[in-house]
């Protein structure tokens with residue numbers, strides 16, 4: 001509930017937690033290897049979005065002090081974190097993209113016939 005009552009405080013702690021997690025993985029595998037993995041061509045855009053969302057969240061929380069902007073920055077940071085994390089799992093981003101398109105595609109209608117138990 002902290003995110004709704006005081007999103008600025010939550011945004012700061014959430015973002016610092018993300019920075020600590022990046023630092024902890026750099027500590028475990030080494031900063032050079034962490035940086036080469038982050039700058040891999042497969043995940044360069046996910047890394048850029050993740051780092052940019054961290055900067056935006058800190059900017060909104062520490063400088064702007066706007067609760068709504070901070071809440072939107074937290075949501076952006078969470079989405080970037082998920083997409084960045086999925087970049088380390090083979091074929092995970094393509095699978096999630098296909099599932100999201102299948103869930104939110106309004107052009108293709110899928111009907112289930114309960115008598116024959118088949119999808120039309």
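A Cβ is built for glycine as well, from the same backbone N, Cα and C atoms used for every other residue.
Feature annotation from TrEMBL assigns transmembrane segment to 12-30 (among others). If you look at the transmembrane segment (12-30), the same-chain residues 6 or more away from its ends with a CB under 8 A from one of its CBs are 37, 54, 57-58, 61-62, 74, 77, 81.
Annotated transmembrane segment per TrEMBL: 42-64 (among others), in sequence order.
Annotation source TrEMBL lists transmembrane segment at 70-91 (among others).
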Spatial neighbours of the transmembrane segment (70-91) far in sequence, C-beta under 8 Å, 6+ residues away: 3, 7-8, 10-11, 14-15, 18, 42-43, 46-47, 49-50, 52-54, 56-57, 59-61, 64
Distal contacts, the transmembrane segment (42-64) - CB-CB under 8 A, six or more residues away: 7-8, 11-12, 14-15, 18-19, 70, 72-74, 76-77, 79-81, 83-84, 86-88, 93
